[in-house]
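Here Swiss-Prot flags 23-254 as domain 'AB hydrolase-1'. Annotation comment: Swiss-Prot describes Ser96, Asp220, His248 as active site.
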Amino acid sequence: MGHYIKTEEHVTLFVEDIGHGRPIIFLHGWPLNHKMFEYQMNELPKRGFRFIGVDLRGYGQSDRPWEGYDYDTMADDVKAVIYTLQLENAILAGFSMGGAIAIRYMARHEGADVDKLILLSAAAPAFTKRPGYPYGMRKQDIDDMIELFKADRPKTLADLGKQFFEKKVSPELRQWFLNLMLEASSYGTIHSGIALRDEDLRKELAAIKVPTLILHGRKDRIAPFDFAKELKRGIKQSELVPFANSGHGAFYEEKEKINSLIAQFSNS
């Protein structure tokens, strides 16, 4: 079933809620929505889990305010979802930008009602290069991408989508993926890009006190595998599982293995 959850005045998020059992909250990446987790949504309820897919503000079926795309506000939105649905002992799973927002939630809200964390191809601890952190894109690369969004968003997103998958996927799946990205608000996409460019979570990793599973493709061209190694180094109770032949789209390329790992970790 679907919920519309008010997180602040004039902002309501859409949340897909399927199945019964221990809740796993999925936070999507940039600029996607909860439907990207279709292959987890189809499987995890059969294994006794409650799938909760959040459309972050500006994405999917959620409201599209002009502002509030910083990680603090996004994390507060997640807190409102957890509170409204009265979730306890939840597993929080974030993909790419969603992984970064999950980390901010754990630090900002002290991991309230979350017992375990899953970081899937996370765009964290920082998405762009900075002193002491030579990984990821340059900030100028994000600025250039934003200008391309303003000029021709569909083509720019299509080009971005080509970098997601390391293995060959069908043209139809690529088109489906592009359609998900085009559902996002244009200004929300840009504002989230600014957050990805500027946010730095390195000092917040020590605040994560729960068991954490890090799943990351070694051939990720969007969130390099070095990100995963930095997360492993900074989060005490963490386990890193690399996917040797997958890119950023490991959630699809390795869906059977990832679903099994999520279920095993969530049941442990």
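Cβ atoms here come from the backbone N, Cα and C positions, even for glycine.
Listed in sequence order, Ser96, Ser121, Gln163, Phe164, Phe165, Gly217, Asp220, Arg221, Ile222, Ala223 are the same-chain residues six or more apart from His248 (active site) with CB atoms under 8 A from its CB. Averaged across the domain 'AB hydrolase-1' (23-254), pLDDT for the predicted model comes to 97.
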